[in-house]
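Peer 1: My structure is below; once you've seen it, I'll send some questions.
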Number of protein chains: 2
Amino acid sequence: MTDALQPGQTIGILGGGQLGRMLAMAAARLGLKVHIFEPAANPPAGEVAHKTTTAPYEDETALTSFADSVDVVTYEFENVPAAALDLIEARVPIRPNRISLATSQDRLTEKTFLRDIGLETAPFATVITEAELAQALASVGMPSILKTRRLGYDGKGQARINDRHGAPAALAAMNAADAILEGFVAFDREISVIAARGLDDTIACFEPGENVHTDGILDTTTVPADISTATRERAFGIAGTILTALDYIGVIGVEMFVSGDKIIINEFAPRVHNSGHWTEAGAVIDQFEQHIRAVAGWPLVDPVRHSDVIMTNLIGDDIEQVHAIAAETGARLHLYGKAEARPGRKMGHVTRVLGPATDR
Amino acid sequence: MTDALQPGQTIGILGGGQLGRMLAMAAARLGLKVHIFEPAANPPAGEVAHKTTTAPYEDETALTSFADSVDVVTYEFENVPAAALDLIEARVPIRPNRISLATSQDRLTEKTFLRDIGLETAPFATVITEAELAQALASVGMPSILKTRRLGYDGKGQARINDRHGAPAALAAMNAADAILEGFVAFDREISVIAARGLDDTIACFEPGENVHTDGILDTTTVPADISTATRERAFGIAGTILTALDYIGVIGVEMFVSGDKIIINEFAPRVHNSGHWTEAGAVIDQFEQHIRAVAGWPLVDPVRHSDVIMTNLIGDDIEQVHAIAAETGARLHLYGKAEARPGRKMGHVTRVLGPATDR
């Protein structure tokens, strides 16, 4: 525990959205202070943090004084510029490490990494030019989906290609950004494993959840997922393989497609993950505290699940259901304190307890 | 729900200690803002609150702008001067109400109230003068305990009287404050019921916990308490009787002595209570969110317990055990972010899960 933060020390968090907000509260429960760095004014996480710096990721003075005020840095947002991370890393450890972040930031690097460590992904090919796209379509097949290599989330920066006639429009939708063509995977269900790795190399996995997306945004996560014992154990193994290969510290969210006996990795997020929000109502520890423990060098907790649950995101106008949800028995409501409910904006979530944990 | 606060509205909290800190995080989870009013600098609750005002309770300007910035006021600290409450109440509702607070602030008023609504208390008598003390000792008996009527907590302001020779020293220890002599109650165990009453008059009780004190400070709360079904149901009834009699809104902590089939009320606290901290690890809702829901006019949650637990306070030097506790399986640690560990100071608590909830 020599590397462990002491109560009263400070964790810096890059990004001040709802994930940062929930991380900040988890840190406070452990007696740790939080300093949020976020370019946008009045971030949700700032409401519950010791300190907030509002500055762009290009502001070297602000980044320097942020780095000097904290004992370790983590992030809730992946698209932090490399130069900002270089500056911070020269002063204070960043967890999860740079290679984990860089790998996840680029879909091509990520899929190549996954393939290289022996995991299965959808077929993929790099696409910059029209000629490459034609070649990629030949190798990957159709229908397939063209995605920007970087900066995509919640279904943005993606274009489906059903036949050759759709190719030019899809390429144009990339706005000249480097892209990757991914083959469609026929799957029975999507699951995700929220797992953590500590400074002592311990790995701890939460029960896999089963995800349903609507319009490219996570709608519900149901736990446990409807998968076989063998698939469940293999999913844990896959998460462990990724964590070890990256020498990862912190919580990771790994999205997987399950097709019969096969598991195909979709992607991983090097941070706490929307599909892990159920943990606060269904397990003895939530993903936020597990992440804080890992990056603070504290021991991980065996994340025993005590309840069967379903987590539903509250998006945009869903916020109007809040008082009705608040009146439901067995529904745990969590709101993010965002002032304006724009369409597609994640405003909160609710985890409904279905009953005591069924045996796995 | 017409009186219910909307997400984004603000709850004012008088007092910025660990109870305020945990209330502030519960409010944030519901999308509500918190404004802390606390005379001492850098209060623990300020770390996780939208806003903190540092000013004495005599500062009318600060109190006025505090009251005008919030939609409802609650408190985590009972000894707020009446003048400050008068000023606030002229501008914004205070929940729980003034009569609940005033009743609990004075041991004589409290015991008289409990007796008047048909509940059993220890024998008691008012004591100001030496002559009254002699009379009180005659009626109450010895050993007995002399307590200041106001401002006592965690065993402070109390003096035990074993025989007549001890009477003058005990009276001197009151420092001329009005006092009450209380008879000792022979009891098998102390329990407490954490209960809540909402704006819609709904009452919800958490499972009674069994408390053990050391040096006058709560050491552990074990849930469920080792009591009969009949006693448990009567304990719920007693909490309900008190809440209804006071037209109470919010969470209350009622301490009771159990002696065979009898329940004798010790005292109640008009706020979230140390013996209710276990709820965050053992029930589907914690006492802090239940209190916020009540004072915000939201529906209460049926506080189903999912685990058997024991909560242990971490006092003073106990903070040095933190890393060992963090490594325990099934131990939920909660620290208050206090910089200095003075003897007797509550630094945090740990709730150990003993197993799934045993049937009651």
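Cβ atoms are placed via backbone N, Cα and C, with glycine included.
Sharing the feature lines straight out of TrEMBL:
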- B:Arg107, B:Lys147, B:152-158, B:182-185, B:Glu190, B:His213, B:266-267: ATP binding site (BINDING)
- B:111-296: domain 'ATP-grasp' (DOMAIN)
Peer 1: Write out the long-range same-chain contacts of B:Glu182 (ATP binding site), meaning residues 6 or more apart in sequence whose Cβ is under 8 Å from its Cβ.
Peer 2: B:Arg107, B:Lys111, B:Ala122, B:Pro123, B:Phe124, B:Val140, B:Ser144, B:Ile145, B:Leu146, B:Lys147
Peer 1: Any same-chain residues 6+ apart from B:Asn266 (ATP binding site) with CB under 8 Å of its CB? Would you list them in sequence order, or say none?
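Peer 2: Those within reach of B:Asn266 (ATP binding site), by Cβ under 8 Å and sequence separation of 6 or more, are B:Thr121, B:Ala122, B:Val185, B:Glu190, B:Glu255, B:Met256, B:Phe257.
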Peer 1: Within 10 angstroms of the C-beta of B:Val185 (ATP binding site), what count of other C-beta atoms is obtained when all protein chains are considered?
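Peer 2: So the number of other Cβ atoms within 10 Å of B:Val185 (ATP binding site) is 15.
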Peer 1: If you run the three-state DSSP split on B:Glu182 (ATP binding site), which class comes out?
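Peer 2: Strand, per DSSP.
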Peer 1: If you draw a 10 Å sphere on the Cβ of B:Arg107 (ATP binding site), how many other Cβ atoms land inside?
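Peer 2: I get 22 for this one.
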Peer 1: Helix, strand or coil for B:Arg107 (ATP binding site)? Use DSSP.
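Peer 2: DSSP assigns B:Arg107 (ATP binding site) to helix.
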